[in-house]
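Participant: For reference, the structure I am asking about is given below.
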Amino acid sequence: MVSPAIALALLPLLLTLIIRYRYFFVLLYRAVLIRWVRDCLTGLSREERAYQYILTHATPGDSQSILDTFDQWCSKVEFISNIGPKKGKILDRLLLEHCPITVLELGTHCGYSTVRIARSLPIGARIYSVEMDERNAGVAEKVIRLAGFDEDMVELIVRPSDEVIPRLREDFGVEHLDFVFMDHWKRCYLPDLQLLEGSGLLGEGSIILADNVIFPGAPNFLRHARRSGLYEVRVHRATLEYIRGIRDGMAELTFLGIK
Amino acid sequence: MPRHKLIASESDVSIDVDEGKDNEFSLYYVEVEENSEEGEEKQARRDGKRRRERNGEVGRRRTSEKRTTEVGNKRAEKKHDKRHKRARNGGEKHGKRQRRKNEDAEEAEEESSKEKKNIKNERNKTLKLDDEKKKDLKKKTKKHVKNEEDDASHGKTKQKDCHDMPLKEKKKKRNKPETTSESESKSESESQSDSDSESKDNQAVGVLGSLTPEELEKLKEAVDERKKLIITLRGKPWPMRKKLLILRESQEFVEKYEGALGKGKGRKLYAYKVMMMKKWMKFQRDFENFKTACIPWEMKIKEIESHFGSSVASYFIFLRWMYGINMILFGLTFGLVMVPEALMGKPYGSLPRKTVPRAEEAGAMNFAVLWDFGGYAKYSVLFYGYYNNQRAIGWLKFRMPLSYFLVGVGTVAYSYMVVIRTMARNANEEGGGDDTSFNFSWKTFTSWDYLIGNPETADNKFASITTSFKETIVEEQESRKDDNIHLTRFLRVLANFLVLCCLAGSGYLIYFVVRRSQKFALEGLENYGWWERNEVNMVMSLLGMFCPMLFDVISTLENYHPRIALQWQLGRIFALFLGNLYTFIIALMDAIQLKRAEEEIVKKNMTIWQANLYNGTVPDNSTALPITVHPADVPRGPCWETMVGQEFVRLIISDTMTTYITLLIGDFLRAILVRFLNNCWCWDLEFGFPSYSEFDVSGNVLGLIFNQGMIWMGAFYAPCLPALNLLRLHVSMYLQCWAVMCCNVPQERVFKASGSNNFYMAMLLVILFLSTLPAIYTIVSIPPSFDCGPFSGKNRMFDVIQETLETDFPAWFGKVFSYVSNPGLVLPFLLLLVLAIYYLQSTSKTYKRVNMELKKKLQTQNEENKKKNKLAALKAANELEQARKGGEQHSNSDLGESTLNGSQLPSVNALDRILEPVLGNFPLMLKS
């Protein structure tokens, strides 16, 4: 039998682990426990609850107000892994620098990042936003319309990304992608990147921005991007959205072209 | 390809020489030169001329040498070819040059006519020189050397005259933009000339005897130039690859031809001398290398240093240093205590103290017992109890008890000496002065760790420097705001409070466990399981392992600079370990008291037993032999000294095991998991949550220090401890080196740890002091056991000294000693010692202060100079303006009065005078 003294001696270890990984516990609590409780209580999905909050709190047609309300809801009420305000600034800066005409967004979720991209695009630019889940897509469409962007600007595609990418040229007449924003399943980053490479839609200077490459992380994606020699890789270090203590990063890949 | 052409032209050269068509040769040669860089021309032409001259003289005279020249030329071509390749690789614009070659060739044809003229001049000159030489030989004057030199200088100047001209012209003609930097062209010219001269001198090796004095002179000059180049190479603004290339070439050149130089008769001697010098230098260098190779683990440590920065390396250096000390301790105990006892002392089984008692005999050889240092291990030279109190042993009359005592004292004294000496040496290295006053300058110029050789570490270092810059800037801003200080202070106090709580808790836990273990021991350990028996060790190692982690987490609250944070961390862990160790010692003291009580009972029983023995078996009237009882059957005391030694050995063993197991599980297993699970895990294990472990400098250093403290404490009662420790250090050196390189990542905030060495030393000193305290206490205040150990039967252990004095030294010595040890003498002596220490300390303080003042003075002087310069510049500017105004006025006022003129003239002079120093100081001002 292990004596109580030895068990007590393990207390520092426990404390250390709790203190060191407190943010992860907070994340667990906010992203899993609260969501589960609310789902049971309201019968609505998380995204729909977010939409209700926005509908009641934000100014329609004002994208900034919608984004702010989203941030507020995500940091105060519940947790949705949007890109968040801090990483959003990096995204805004990149968009302003490159002024892309054709943007592909993988993973619309609730449309936060779509609104964010759409508001800083030049006139005549077009976003193709891919979302697999239909309920989420419904919410996202409502959010996008609420923010005042029409179908000319934002094209919402409700299909899995690995089906969409090879057919972009045929179905949607896309010839060239200037900017690709990835924020869907982290495991799909690498196959989708390879599909993009194969489709020939990327040209020299095309930017691929992948969110959450450090936490939850996409190691294979990063490894491929670094080793293939097709890209110039920069990892913007930041923290996870709405939670301060977890390190995360966005990978900015500049396509150098196949030589 | 131009290169082929080049080869062809050169081979043509050799043929031409054979045929004696010098002019054509020269033409070709010029072409060759044209192929190569612009800057090569001068040198190359000089070389070409040299060759021409020699060929003019030598080639005609000896037909037999044609072969050799041909061969030599071919060899030279190859070399040249290689060089050329390299040069091409080096300078990218070479290709363009090659394309331009055709134009150049045309130009070269134009120039070749000029060249021809030059060559004619040249030949005349050489003929003249030959004549002169012959004359000299005929006369055989003693001024031979001087003349030679004169000739050479003549030749040089003339040559320069004749070939500088066309060169200049050519440069004018070309009017091409200089594409390469000066240095590049220069270096290439050198390499080119090198190859040229080499090709020449390849032939020359056989022809050395027939070198003309000028050639020798030139060669010498070239060699000198090379030497100069080698010396100044370090400061040249070239890329490293080029530097290395040039260095190698120059060294080859110098090596080859230096020996060939020399004057007349002394040539051989000179060559010999040079050769010997070179050999000697090489030997010295090799010896240095050898010495470095002899330093144990030097290369390993360097490698680690390059990967992990100096803070991790400092741990390994410390470990090595510790190893050295333990080597000495081991030598002392092994050579003066264990070996003599094993060789000359009474053998095992001859005395009760040297035999396993009957009750333990059955399991004395079991592994579990031996692993616990019981059984045969307990009754061996490894522990105090085995030693006999016989005054002198063996044919050497080796004074065993005395030796035992003196070795015990000597090891501690030696350790003190070494630690203090090292501390003093380290203290000299760190100059006084505050390093905080020029924060940004320090950061800019000193934050790079030049020992880093690993790209990842370099990246980390780079990132850490950048972040530290950002942080310092923010700090600087905040310190001006000065509002957040209270929060920081509060957090720091809070952190310390938490740590104190932690320390108190761990101390209480250990105390509790030790009390419990005593209870177990009283009731008999056999009734309890493994957990209960090892509870103290387990709790101590667990606390020692996990509390530092907790401290580390707490210390993030404080937001210190990592170096300061490391020191705090060290201090805290130090307190923790010290608390643990002292609790352990207190428990041990209790155990000693218990054993002594037991000993008293045994003593009484012993007399009864002896009486019984004699009464029961031996008839009173007989004079027969006394009864022999097998030593294993003799009852004996508990021998607390051996018990203490055993405890320490067990502690060391369990500590070592914990360290290694932690290493294997915490580092190696984790690294393996992270590495191989990463491919099939849903998040990034390497970057994210478990990640690889970092090397924990503070924990490891403290582990080492406390381990050493235990050695010092226990070595008196268990002479085997230094040997065990040596083994442990040796293994951990290899194991940790491997573990660091294999499963740790460089720290995210790499920092230099050069300053922390003395901190380690100070801690070691404290530990040394604290660990000798209990040892000295037990030696001085507790009487030794009556039936075991070298001091058995004595009242106190140090009585052995008195005994030796009385019996082994003449009577007068004892008397002198007793006088000397009289308190009346000892006290003043101690007082004197204290005074001396005080005096030395105060003088050193004064020196430090003086140093500081000097530093300050220098600083203020510097600032004053700066101000002065600024003022002077301002003044000068003012005066210049005034002067200009004055001049305008002057011109306006139509060459006014003579007095004004007179006054203005000196003012202008004064202006010059003022401006001169200012202008002279201008670069200085820029610097400052």
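Here the Cβ of each residue, glycine as well, is placed from N, Cα and C on the backbone.
Keep in mind that what you see is a predicted model, and the values were worked out from it rather than measured.
Taken from TrEMBL, the feature region 'Disordered' applies to B:1-211. TrEMBL lists B:31-40 with the feature compositional bias 'Acidic residues'. Feature annotation from TrEMBL assigns compositional bias 'Basic and acidic residues' to B:54-79, B:111-135, B:152-168, B:176-189. The feature compositional bias 'Basic residues' is assigned by TrEMBL to B:80-100, B:136-145. The transmembrane segment annotation in TrEMBL covers B:321-343, B:364-387, B:402-420, B:490-514, B:538-557, B:569-589, B:709-727, B:759-780, B:816-840. Residues annotated as domain 'TMC' in TrEMBL: B:639-754. Taken from TrEMBL, the feature coiled coil covers B:844-877.
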Participant: Give me the stretch from B:321-343, B:490-514, B:538-557, B:816-840 with the greatest number of Cβ pairs under 8 Å to the transmembrane segment (B:364-387).
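Facilitator: The stretch with the most close Cβ contacts to the transmembrane segment (B:364-387) is B:321-343.
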Participant: Determine which recorded stretch among B:402-420, B:490-514, B:709-727, B:759-780 has the most C-beta pairs below 8 angstroms with the transmembrane segment (B:538-557).
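Facilitator: So the stretch in question is B:490-514.
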Participant: Apart from its near flanks, which chain residues at least 6 from the ends of the transmembrane segment (B:321-343) lie with a Cβ under 8 angstroms of it?
Facilitator: 296, 381-382, 386-387, 393-394, 396, 398, 400, 403-404, 406-407, 410-411, 414-415, 418, 422, 704, 708, 711, 715, 719-723, 725-726, 729-730, 733
Participant: Below 8 angstroms Cβ to Cβ, which residues of this chain, lying six or more residues outside the transmembrane segment (B:569-589), approach it?
Facilitator: 499, 502-503, 506-507, 510-511, 514-515, 517-518, 536, 540, 543-544, 547-548, 551-552, 555, 644, 647, 651, 698-699, 701-702, 705-706, 709-710, 713, 756, 759, 763, 766-767, 770-771, 774
Participant: Looking at the stretches B:490-514, B:709-727, B:759-780, which one shares the most CB pairs under 8 Å with the transmembrane segment (B:402-420)?
Facilitator: B:759-780
Participant: In the same chain, who gets a Cβ under 8 Å from the transmembrane segment (B:709-727) while lying at least 6 residues past its ends?
Facilitator: 323, 326-327, 329-330, 332-334, 337-338, 381-384, 407-408, 411-412, 415, 581, 585, 641-642, 644-649, 651-653, 655, 767-768, 770-772, 774-775, 779
Participant: Could you please provide the mean pLDDT value for the domain 'TMC' (B:639-754)?
Facilitator: 85
Participant: Could you count the residues of the domain 'TMC' (B:639-754) that DSSP puts in helix, in strand and in coil?
Facilitator: 83 helix, 4 strand, 29 coil
